[in-house]
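*Asks:* Quick one: this structure, given as structure tokens, is what I'll be asking you about.
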Amino acid sequence: VLLGSGLTVLSQPLMYVKVLVQVRVGMAGLRGRTGPGTGRAGGTACPFLLQVYQLPGLFSYAKHIVKVDGRAGLFKGLAPRLCSSAIGTVVHSKVLQLFPPDSSFPLQPGASKKEPVSSLEQVLKETSREMVARSAATLITHPFHVITLRCMVQFIGRETKYSGTLSAFATIYREEGILGFFAGLIPRLLGDILSLWLCNMLAYLINTYALENGVGSAPRSVFWEPQSHFGGIQVLLLLLQVSTMTEMKSYSQAVTGFFASMLTYPFVLVSNLMAVNNCGLAGGLLPYAPTYSSWLDCWSQLHREGNMSRGNSLFFRKVPAGKRYVWE
């Protein structure tokens, strides 16, 4: 819990900027600039150069926030996020304890506990177990997530509507009822579940069919044929090979996790937008954001506008020149 809280504090400015970028592209006091980019622009002198509008990035946003609210302003919304992180860690751990690996799913009739479990079956069971734990943690902590986002989005209109965690609970309940605490929950759950399954299944396929088969296809004589004068070298090579394969498996998990998060990012964007949509804050109303009837409506509009990856990159933010965005 302490480690998770420390990482939450350190990553708070990054999340703050990402949320502001997701909700709106421009900000008062910040301006982008026009410059050359890559792409095909028919009818121009150089068909492979396209004028693009370079939008403010992470450091520009952070400097502007510090200029307006001071350094403490970078940590707006930290309190409810810390509560979400701590409670989510506890809930996740408790759910995993309720479903131990050896009994999380009932055995098939006639099956013996001593029968070996295939690698794929084990991955499916562990992923399902993790899915239940994550979903439970997300469901219970989502109200804190909603409050965190709204505390951050207040920066746009300079509101103080959500000034404290407890008062924010009272405000949401009074204005929106119980459902207000779960705004944007469905796309967030779907994104988490899809990301988890994509990550684990891709890692399984890579580890099984790329890494293990690659090692298994190596000439057997290199490692296993008994030769007394090369025995020590063979053992050393074998150990190095096993160590390398283990490291590559850990790397594959990280790579597939990153790939899965990229593919499911639109769910994160839609969830965050729905959490602040039409909640009484300037960042959730026109002209900064339209009023969405549902998360599917939000998804459809973002897809039509080509904004499904908005906020995914905070360093190289470029859009074709001529496309209009909201600026104060």
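Cβ atoms here come from the backbone N, Cα and C positions, even for glycine.
In case it's useful when we look at the structure, here is the feature table from TrEMBL:
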| type | residues | note |
| --- | --- | --- |
| REPEAT | 121-209 | repeat 'Solcar' |
*Asks:* What is the three-state DSSP composition of the repeat 'Solcar' (121-209), stated as helix, strand and coil residue counts?
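*Replies:* Final tally across the stretch: 79 helix, 0 strand, 10 coil.
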*Asks:* Between 0 and 100, where does the mean pLDDT of the repeat 'Solcar' (121-209) sit?
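*Replies:* Here the predicted model's pLDDT, averaged over the repeat 'Solcar' (121-209), is 94.
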